[in-house]
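Participant: Have a look at this one before I ask anything.
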Amino acid sequence: MTLGSFRLLLLGAPGAGKGTITRKLRDVVPSLNSISSGDLLRREIQAETKLGSIASKYIDKGRLIPDELIISLVSNHISTLSQKGMGAQWLLDGFPRTLHQATALHDILEPRNQCLTHVVELVVPEEAILGRIETRYVHVPSGRVYNLSYNPPKVPGRDDVTGEPLEKRSDDNEETVKRRLKAYNEMAQPLRDFYGSRGLLHTASGDTSDIIFPKVLEALKK
Ligand code: AMP
């Protein structure tokens, strides 16, 4: 299937399947560049940088990193990518999460003629999310996500591509997830309003990523 050029923001609660949808999109668009703010932060933590040590204190409590820190991390990453050429299709996951971040992102992208073309919110019932997060594992360097119930690694505990160990995210426990879900529900409406008023917002809902993914593809054709 061919898709035109798109610059996509994926919105969705923690555990809504943003990482899985990204992987499925990459199967369709192998040159897809994806930027996940959570993955960038986890790499900073793994590399034991100063930013990583600040970030981990917020992440472990399920709280948002201060806007200025995350804006500068993502904007540096976008600058590095755009020097190499961002490609015709790319996506953002996990950023922006606040209105301030959304306007900062707009100010970064507009001068590059790279404003977002689509915003798709993944909508998954909360019971489905709580069930899947308990069995979720991640390969930190790549951001690849596994689930022991429906998408297990080929070798238990190891990444399929590199064979490196998988990790359980420190914030994937019920208490922190509930706090993150609450935070998502509070932050989502201003973003829906911001992107809805610009005619960019689409919704893709369902219990599983297999149900949601075709809806994401449909949205990208609009
Ligand atoms: P995620 O992998 O998107 O679920 O992000 C994991 C955690 O990283 C979040 O719970 C926040 O603590 C932090 N984080 C990721 N992206 C952002 C953002 N755009 N603004 C603030 N904090 C963020």
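Glycine residues also receive a Cβ, built from the backbone N, Cα and C atoms like all the rest.
Pulled these features from TrEMBL for this protein:
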{"type": "BINDING", "residues": "Gly15, Ala16, Gly17, Lys18, Gly19, Thr20, Arg136, Val145, Tyr146, Ser209", "note": "GTP binding site"}
{"type": "BINDING", "residues": "Ser37, Arg42, Arg63, Leu64, Ile65, Gly94, Phe95, Pro96, Arg97, Gln101, Arg169, Arg180", "note": "AMP binding site"}
{"type": "REGION", "residues": "135-172", "note": "region 'LID'"}
{"type": "DOMAIN", "residues": "136-171", "note": "domain 'Adenylate kinase active site lid'"}
{"type": "REGION", "residues": "153-176", "note": "region 'Disordered'"}
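Walk me through where these features lie, including what they touch and how far apart they are.
Facilitator: Look at Gly19 (GTP binding site): DSSP puts it in a helix.
For Arg169 (AMP binding site), other Cβ atoms within 10 Å of its Cβ number 19.
Long-range neighbours of the region 'LID' (135-172) within the same chain, counting only residues 6 or more positions beyond its ends whose Cβ lies under 8 Å from a Cβ of the stretch, are 15, 19-20, 22-23, 34, 36, 39, 42-43, 46, 56, 59-60, 62, 180, 208.
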Participant: Measuring Cα to Cα, how many angstrom lie between Phe95 (AMP binding site) and Gly15 (GTP binding site)?
Facilitator: 15
Participant: By the DSSP assignment reduced to helix, strand and coil, which category contains Arg97 (AMP binding site)?
Facilitator: coil
Participant: Counting other Cβ atoms within 10 Å of each Cβ, which of the binding-site residues Ser37, Tyr146 scores lowest?
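Facilitator: Result for the binding-site residues Ser37, Tyr146: minimum number of other Cβ atoms within 10 Å at Ser37.
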Participant: Could you tell me how many residues in the region 'Disordered' (153-176) are helical, how many are strand and how many are coil under DSSP?
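Facilitator: Taking the region 'Disordered' (153-176) as a whole: 3 helix, 3 strand, 18 coil.
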Participant: Which of these binding-site residues (Gly15, Gly17, Ser37) have a C-beta closer than 6 Å to some atom of ligand 1?
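Facilitator: So the answer is Ser37.
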Participant: Measuring Cα to Cα, tell me the gap between Arg169 (AMP binding site) and Gly17 (GTP binding site) in whole angstrom.
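Facilitator: Rounded to a whole number, the Cα-Cα distance is 15 Å.
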